[in-house]
Amino acid sequence: MEKLFIEGGRPLHGSVKISGAKNAALPLMAATLLAPGKHILRNVPELRDTKTLLQVMAELGVTSQRDGDVLTIDSTHLKHCEASYDLVRTMRASVLVLGPLVARLGQARVSKPGGCAIGDRPINLHLMGLETLGAKCIQEHGYVDVEVDGRLQGGTIYFDVPSVTGTENLLMAATLAEGTTVLQNAAREPEIANLVDMLVGMGARIEGRDSDELTIHGVEQLGQADCVIIPDRIEAGTYLIAIAASGGAGKVTHCQPEHLSALLTKLRATGLLLEADESTISISFPEGKTVSDLSCVDIKTMPYPGYATDLQAQFMALMCLATGSSVVNETIFENRFMHVAELERMNADIKINGGSAVVTGNGVAGLVGAPVMATDLRASSSLVIAGLAATGQTEVRRIYHLERGYEKLEEKLTGLGARVWKEQS
């Protein structure tokens, strides 16, 4: 198993190009199951998660070919409807094939994803929505079996809480339903807007893009897709925080700053200088200021356009380097402080109280390198950020979590001047 080693204390400088968004690529890949033909997706990141979903789709009879960041998916010969446990257990997003399979084939058999390191994320919302559209759902022996006689039927679905994958799954299913479907209190993430754009390009009739109410007028069939994946806002935010934590200055390119408004507001509140244009964000310190001079800032995770839960751990690592106390409130997942114990191994001072964590920063000299273990994707990136700022060497284990969501991480950090390398254990 590989480990990532980081030699701390080297300020990052330069620019880093942001890859396509993992959280957009996965639903758009699943959406190609809705229609036969060759579908072209551009700016697709090469990640452990995208590879896993391609394996799931291969089991269904789909073929694919990658040329750089262009992925061609041929779903002409889609014939199987079962997503097996061996693959679904490694990535919860595999459940995104459920809606498209039921809509196109009239049936689907998908392994239940099981538990998740960062909290309970049941698929009940997906199933209740499909039942509203006329499907029969049975859960037994670790699988979900969904069937419908004929076409799905339009209906009104209300989400008690905005669910990103639930919105995506039911949005895809509804495109081929008979009649009109309304999704109320739907999630509003930019990745969902990206999916809407792709589906409309395939011939779907959808109203309400960027809003919490989506109206889908079902059509009998969809055509082939040719769509560009939006930039990864979480990757962009991670690198901005990493540059700040290292005490450096730089910029992220090929991003969409409007998708990061909440983070940029919080970073400016710490005293950092940020400038953004159409596709680039620059970050630096005021003259004569260092990481230790940063103001402590509280954050509260919220559904988009609020502060993203996927950037909570990274911001916490930055606050460990400020001087004073800040509060991190996590409202999306009930168990998303697993990185705290590992940060404490690096001398961080963090106290957890339910869904809140109080971070007492001790300045740039507060963190020291240590062996740490990644527990999930975003927790692992917070450990990398802490390692970049810490005194001495940090060893991050279980880096397969990083490979799920960060394309060419080692190469990109090295390009910014970091001293990072991988070794086999």
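A Cβ is built for glycine as well, from the same backbone N, Cα and C atoms used for every other residue.
Computed from a predicted structure; not experimentally measured.
Per Swiss-Prot, the UDP-N-acetyl-alpha-D-glucosamine site holds Arg92, Ile332; the candidate it also names there, chosen from Asp67, Asp69, Asp298, Asp310, is Asp310. When the neighbouring Cβ atoms lying within 10 Å are counted for each of the binding-site residues (Lys22, Arg92), the highest count belongs to Lys22.
Taking a C-beta cut-off of under 8 Å and a sequence gap of six or more, Ile332 (UDP-N-acetyl-alpha-D-glucosamine binding site) has these contacts in its own chain: Thr301, Met302, Pro303, Thr309.
Asp310 (UDP-N-acetyl-alpha-D-glucosamine binding site) has a Cβ environment of 22 other Cβ atoms inside 10 Å. In sequence order, Val164, Glu189, Glu191, Asp232, Ile234 constitute the residues six or more apart from Asn23 (phosphoenolpyruvate binding site) in its chain with CB-CB distances below 8 Å. Ile332 (UDP-N-acetyl-alpha-D-glucosamine binding site) carries neither a helix nor a strand DSSP state and counts as coil.
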